[in-house]
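As given in TrEMBL:
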- A:6-27: transmembrane segment (TRANSMEM)
- A:34-55: transmembrane segment (TRANSMEM)
- A:61-79: transmembrane segment (TRANSMEM)
- A:91-116: transmembrane segment (TRANSMEM)
- A:136-158: transmembrane segment (TRANSMEM)
- A:189-212: transmembrane segment (TRANSMEM)
- A:224-251: transmembrane segment (TRANSMEM)
- A:263-282: transmembrane segment (TRANSMEM)
Amino acid sequence: MQVHIQTLIGGLSLGAIYALVALGFSLVYRTMGLVNFAHGQVVMIGAFTASTFYMTTRLPFWLAIVTACLVTGLLGLVIERVLRPLEGRDFDLMLIGTIGFGVMLEALAVIIWGATGRAVPSPITTQPLDIGGIRIRTYSLVVLAVAAAATIALVLFLQRTRLGAAMQAVAMDPEAATAVGIHVGRSNAIAFAIGAGLAALAGGLAGPLLYVNATLGGTIGIKGFAAAILGGFGNVQGAILGGLGIGILDAFAAGQFEGYSELVVFVVFAVLIMIVPTGIFGERTVNRA
Amino acid sequence: MAVPVLVVLALAACGKPGADEGTTSSGDGPIRFAIADAQSGQLSSLGAWELKGAKLAVEEFNAAGGVDGRTVELTVFDTQGDPTTGTSIAQKVSSGGFTAMLGTAESAVTQAMNPILRQARIPSITSGQSPAIAALGSPFQFYNGPTSVTYDETLAEHLVDDQGFKTFAMVTNNGGYGAGEHDAFLAALKDRGITPTDDKVVTVDQKDFSSILTSIRSKKPDVLFIGAEEVEAGLIAKQARELGVESVFAGAAPLATPVYIETAGEKNAEGTIVSTPYLSNEETDASKAFAEAYQKAYGEEAEMHGAKAYDGAQIFLAALKSTGGEGGQKLADAIRATQHQGLLGDFTYDEQGVGIHQTKIGEITAGQLTAVS
């Protein structure tokens, strides 16, 4: 039993990272109907940027992450601006464009930070909590709390602010939104910027749990993408559930199937998607393809 | 008109793999060596160190006059630590007029590239240590360090015979390196009548080890053997301590690297016991000179992988000199006949291409690897 609970806790902490990655995927998809395949690489850029501000310029960890969110937010704006001329014209080219951005970002990271990567020290040095032999890393609790806070903030933004409502309107019917004076391009740009900011949050938080290098985006990105699909692509709450679900599935598969765990995770994922093709929350807000 | 001429020239230059019995380096131009290693990806730290070590040896060789005035030219290929990318690079190396290949540092990539290089009769020297590489039986394949069998036999001898540890748990990954470590250490334990309390296999991309480490913690083994590359080994050690595993960590070369210590955290890596052929830059006059040259060239401290690649390149270059610049079978025979006093020890090659047959035991103390007396 102790093994199962400990496995669950391990799965939750990485699952929270996957959830944040899935949130970024979902937000852009929800607004533009576009899967941003560069999102994993933006996570990696965020992780490198946060680690640089934290380890090199000695900013406090949380301030380093906020700074990284701003940097990647700007990066998101650049990606959207480059893709904007294709909006409504060539959707496939937009998708390929995001893949191209991903490749460029990985190459850029190697040029700036080198290929070796870096280990990021944890900002919380307190000993893990020991509850009846179950060890809980304090930092994991922080990651879970931040993921929850980011979700709440995003839901409130989308549902309670005029800008959020405008983005929802663009998601539902861009032509009608344009007719009532909503700037679709600006709405998409904000979605990209927030998505990229969430990516930096995920990457920055993942640093002390993992190891930051140029391929980090591929590893986390594919799980985050799977999480977004599992939760229901485009659904904010679904992204969180999907992320935690993939994290837990990953952790238990590792314990039970050891060297075959990756295979098992994606077989289970494929079966789940065959049973519920639109994911847990079954939402397909946008389809502009 | 120019295009068909160029095509004919290119085809003539490439030649058919395996068609050349002796040399790919005739003429007066530079002699071309390929260096294939991960220059990007999770294993790129190995590739970066390997490149630096090999470059240093080649630069010194060229400065000393090369082979009758002909210099050796290095071309770098990025395997990304991926066997599929490795096979594609092996095709380029086999058809690109290269005399020899240095690398790779990853056993699985070396295994993938081996048949293509063997067919093209291009000698290569790997920093991988899986016995599976020797089992492929290529007369053109050499190691520039010991195999996992040597590493782990020495380690087991120290841990069981000398230190008296009785209970062991194992975590290895399912990559080429990890599989070799698994078989070698398990065999060394079984020879001593020990069955591990846990024998867990993880994937090479795994990030969370809670499940297996909790199981290991409940058995309280004296030693946790970690058979994975630098970053993964560091993550396992870090999570093991966070989850309350108090066992001594032990393993082979990856656990002697700064990447392992940084990833695990200095406190968590403390006391890790390592089997390695290269303990420190201060060990001998040769290692001091190497470290000094490395520092001068790259502005950083030398470590084992750079030393391994330096040794490997020196062996290849000495053999190349003895063949007068010829590659192929002659170069392979010359390498096999080489006896070289290197940084990792005295190289004497056997039929399997293994040149080093012993390692030393070190321990990580305050973030540094120190010799265990």
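Placement of Cβ uses the backbone N, Cα and C atoms for every residue, glycine included.
What you are looking at is a predicted structure, and each value in this text was computed from that prediction instead of being measured.
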Maximum Cβ pairs under 8 Å to the transmembrane segment (A:34-55) - stretch from the list A:61-79, A:91-116, A:136-158, A:189-212, A:263-282: A:189-212
Stretch contact, the transmembrane segment (A:6-27) with the transmembrane segment (A:91-116), Cβ-Cβ under 8 Å, 3+ pairs: no
Non-local residues, at least 6 beyond the ends, that sit with Cβ under 8 Å of the transmembrane segment (A:91-116): 33-42, 44-45, 48, 52, 75, 79, 82-83, 213-215, 217, 288-289
Contacting positions for the transmembrane segment (A:224-251) when only residues 6+ beyond its ends and CB under 8 Å are counted: 7-8, 10-27, 29-30, 35, 39-40, 43, 147-148, 151, 154-155, 158, 171, 202, 261, 265-266, 268-269, 272-273, 278-286
